[in-house]
Each structure stands twice: as structure tokens, then as C-alpha cells.
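Only one structure is covered here, and it is reproduced in the block below.
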Amino acid sequence: MSHHPLKAVTLTHVRYRKGDQLGHFLAWVSLVPVFISLGGFISHFIFRRELQGMFFAIGLIISQFINEIIKKSVQQARPETCALLEMCDSHGWPSSHSQYMFFFAVYFTLLTYKKLGLIFRNQLLVAVVLVWPLAVLTMYSRVYLGYHTVAQVFAGAALGTVLGWGWFWIVNNVLSGLFPAIEESAFGRFFYVKDTSHIPNVLRFEYENARSAKKHPSYKRAD
């Protein structure tokens, strides 16, 4: 029986120097894309099923496919620290973490600026105070922890910015015309898929309608 070298799944396999508190913090920061994907978008589909959110997630997936294609084409090595991190068998340009976070930050900010289905109070403040700092910290964490060079994370950030803006334009100027058909399709009706882009403040809309529904007999649950 032949023995082949083993390779770990590196989704959450982030290393930092023992005793380095900043490195420990940045290791968690570098996992933010995982938390957004698994916690944010999956929860969004289960509980909200908004078309804007779904196409947001689709854009991030497309962005990551583009990242992999570029990495395999360019084949730029990671920094020398990759040996300690056991990551030398993968390529480093552009940084997928930086690309993901800057795509997310750009798209989220544009959704907020255009007031397309806002779900938070002061959502622009959330973008400025939370989303953009997390994007920059994620980029910094990949350099600090030794996974990428400065050039690699800036390349990822630049590509994520361009793709985020481009995908937002495509969704809201081309694909949004398909939203009514998706809502009325068998898929849309079965999963209660909806488009709330026309509602400036979804949180307030849902709050007011939930309160008014209490007074309507047809919405009351039977005992």
C-alpha cells in the first residue's frame, strides 16, 4: 500500500506564535470571512431569504473562484514564513481573505448608501465603525501572521474592491430585473424568497407590520 503525504483542511487552521496575544487576536480576526459565510449568509437564507442577500453571497462565491483561478495562473509563492505555517504548497497572490473582506465591505456599504433594504438602525455607522475596520484588520492579520506579503494583501483588497463594486452594479442594474420572476417561480414560492429593495427601512417595515398584524384576525394563531 503506497503512502501519500497528508494535507490538512485549512479553513480554520490559523497559527500564531505561542504567547503572542496580538497574534492570538489577529488569528481570530482572520477567521471573520468564515464567520460571515457560515454564520451570516446561511442564517440570512434560513431566516430572511432576501434576494439582495442571496446575490450578495453568490457574488462572494464568484469572487473566490476568480481568486483561485488567478492564484493558479500566477503561482506566486507565499512569504518564507509559510514553512512554519505548513502553507508553502499553496499560492499567495492575491490574498483571498483580503479580497473577501473588501468585496464584503464595498458591497455592504453600497447597499447601505443606496438604502436597499436596510436591516439595521444607523447601518452606515455599522459599515464605518465595524465592517471597514474588520476588513483592514483582516488584511493586516494575514501579513502579521506570516501568511502573505504586503503586496499580496493589497492585491486582494484591490481586486475585492473592484469585484464588489462591479457585482453590485450587475445585480442592481441587470439582474434585479429578474427578481419579480424569481419571486413568482416555484423556487421562490416554496422557499418564500422575497425582494425588499424597494423598502427603505426593512427593520421598521417589519416592526410596524408585525404590530398591525396582531390586530388582524386572519393573522392570529388558532389555539
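Our numbering is plain: 1 for the first residue shown, then up by one each step along the chain.
Just so you know, glycine gets a Cβ as well, placed from its N, Cα and C.
The feature transmembrane segment is assigned by TrEMBL to 25-47 (among others).
What TrEMBL records for 53-168 is domain 'Phosphatidic acid phosphatase type 2/haloperoxidase'. Across the domain 'Phosphatidic acid phosphatase type 2/haloperoxidase' (53-168), the prediction's mean pLDDT works out to 86.
For the transmembrane segment (124-143), the list of distant contacts is 26-27, 29-30, 32-33, 95, 97-98, 101-102, 104-105, 108-109, 112-113, 149-150, 152-154, 156-157: same-chain residues at least six beyond its ends, Cβ to Cβ under 8 Å. Summarising the annotation, TrEMBL assigns transmembrane segment to 124-143 (among others).
Residues or ranges marked as transmembrane segment by TrEMBL: 149-170 (among others).
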